[in-house]
Amino acid sequence: MATEFHNLQELRHSASLANKVFIQRDYSEGTTCKFQTKFPSELESRMERTLFEDTVKTLNNFYAEAEKIGGQSYLEGCLACATAYLIFLCMETRYEKVLKKIAKYIQEQNEKIYAPRGLLITDPVERGMRVIEISIYEDRGSSGSSSGSSSVSGSTAR
Amino acid sequence: MSAVMITRKVRKWEKLPGKNTFCCDGRVMMARQKGVFYLTLFLIVGTCSLFFAFECPYLAVHLSPAIPVFAIILFLFVMAFLLRTSFSDPGVLPRALPEEASFIEMEIEAANGNVPAGQRPPPRIRNVQINNQIVKLKYCYTCKIFRPPRASHCSICDNCVDRFDHHCPWVGNCVGKRNYRYFYLFTLTLSLLTIYIFTFNIVHVVMRSVDQGFLNTLKETPGTVLEVLVCFFTLWSVVGLTGFHTYLISLNQTTNEDIKGSWSGKNRIQNPYSHKNIIKNCCEVLCGPTYPSVLDRRGMMQEDSPVFANGEAPSSFNNPIPQTTKTTAPLIPNEHTPEEVKPSIAFASEKSPSSREKSPSPKEEHPPSPKLPPLASPETDAETSIAKTH
């Protein structure tokens with residue numbers, strides 16, 4: 001029984017946190033930032049597999065772009081080194097620019113896809129780039145349907 | 001005894017666990033013991049001052065004015081790289097929040113199955129395949145995470161650091177993913193500076209001795225003797241260190257891996273991170289992307305602290321904020337504070353860490369305190385993420 005939410009605000013104020021799923025890192029290609037695209041079983045009743053995989057694949061592409069070692073990163077590195085890295089006091093690094101893009105993308109995905117299904121993605125950068133945390137919400141009206149550890153209530157008054 | 005809860009906004013660095021010191025409102029992050037770092041600063045600044053005072057006037061006139069100019073440039077580079085290494089976040093991995101920690105615990109228990117009573121549970125290890133090699137990820141009991149490959153827990157700073165190289169007391173910080181290249185450039189430029197000063201000291205002494213004689217030269221520029229001594233001993237250590245790190249970079253290894261012998265030996269696996277090409281390895285380490293810090297030190301968060309109405313200090317103060325280790329203010333008690341001072345400090349300060357032993361966080365045995373706003377709440381996350389994007 002999918003609970004319908006229309007936007008993020010409604011999600012926060014009328015829902016209670018039921019569970020959290022953590023998408024782990026995929027280290028098969030080394031230490032570059034990449035997340036596993038395996039669809040977690042807890043989300044099976046909530047959303048379509050393809051949507052989830054699309055989100056994770058897009059995030060992986062963003063991170064690959066940020067960590068790409070090529071002409072631009074060499075240029076940035078050498079220029080920064082020549083100025084004894086003082087240039088970073090006024091300039092933003094390429095990684096930081098991509099992180100901003102990622103934050104915007106996650107916000108957009110939350111609004112369009114995840115919040116209407118009672119889910120919320122947390123930006124991995126807030127979890128140390130270790131996991132993508134997906135919070136699963138239940139409608140407060142439906143008691144007894146919350147599964148797993150309901151540790152924190154997401155409805156603390158602002 | 002009545003208590004009033006006051007909510008105030010604090011910067012996140014004030015609540016970070018671990019034994020780091022923060023300055024400039026969270027902009028600067030260092031280890032707790034900074035004595036050797038001050039010594040490094042003193043040696044570099046002192047030796048260079050002596051050089052500029054005694055040698056440079058003579059050399060600028062008799063040889064070339066470019067000599068002091070180049071020395072100043074080198075000195076500025078050395079200081080910039082040193083301060084950048086010392087003050088930046090080495091790549092600290094934030095500890096797992098309670099939900100993530102319990103999620104991992106559940107996974108471990110599911111993987112281990114039922115352990116018969118009396119038997120020790122198997123070690124917490126996760127095997128991952130990286131570039132067709134099996135690498136074991138260890139579980140960190142302090143941070144409650146499975147450490148990413150190449151990460152290690154620094155006991156001095158009490159943090160897990162990504163691509164942990166070593167903890168360097170000379171720079172007063174850990175050397176990890178984010179500041180390794182600054183550390184390497186610091187040792188490289190310091191080697192050049194030391195060689196430069198040493199060479200021109202000798203040149204200066206020789207040139208002056210030709211005119212005035214050796215003893216007179218030493219009498220006129222006594223700083224030279226000191227400089228030569230410092231440079232001579234520094235040369236061997238710093239040049240050696242630079243050479244060692246050049247070797248490590250060419251193999252894409254960390255000091256930690258080298259010491260443990262992770263990739264050496266016949267039965268051990270080969271280094272899965274190396275590109276097998278010296279140039280590629282060097283480029284990745286030195287010219288790779290500049291990783292951002294995942295510790296949001298200057299973000300704001302809510303903090304509830306009790307204020308006691310009467311003047312009595314509590315005999316056993318139950319701390320609702322278990323992981324605070326504020327290390328900058330001297331009035332905050334820590335495990336080194338004498339026992340009799342603790343209650344009065346705890347009352348006087350706004351937030352008061354309990355005298356906790358160095359053990360895994362007591363949060364699990366602690367009932368979730370309703371006073372502390374949940375760090376994992378979406379509101380806080382949204383606030384901070386919006387704050388960060390501005």
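Backbone N, Cα and C define each Cβ position, glycine as well.
TrEMBL annotations: computationally assigned, not manually curated.
Record features (TrEMBL):
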TRANSMEM  B:36-54  transmembrane segment
TRANSMEM  B:66-83  transmembrane segment
DOMAIN    B:136-260  domain 'Palmitoyltransferase DHHC'
TRANSMEM  B:182-203  transmembrane segment
TRANSMEM  B:223-244  transmembrane segment
REGION    B:307-390  region 'Disordered'
COMPBIAS  B:313-328  compositional bias 'Polar residues'
COMPBIAS  B:353-368  compositional bias 'Basic and acidic residues'
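Below 8 angstroms of C-beta separation, residues 43, 46-47, 50-51, 53-55, 184, 187-188, 190-191, 194-195, 197-198, 201-202, 204-205, 217 of the same chain, each at least six residues beyond the ends of the transmembrane segment (B:223-244), sit close to that stretch. Long-range neighbours of the transmembrane segment (B:66-83) within the same chain, counting only residues 6 or more positions beyond its ends whose Cβ lies under 8 Å from a Cβ of the stretch, are 40-41, 44, 48, 51-52, 56, 59-60, 171, 182-183, 185-186, 189-190, 192-193, 196-197, 200. Under DSSP, residues within the domain 'Palmitoyltransferase DHHC' (B:136-260) fall into helix, strand and coil as 75 helix, 19 strand, 31 coil. Looking just at the domain 'Palmitoyltransferase DHHC' (B:136-260), the mean pLDDT is 92.
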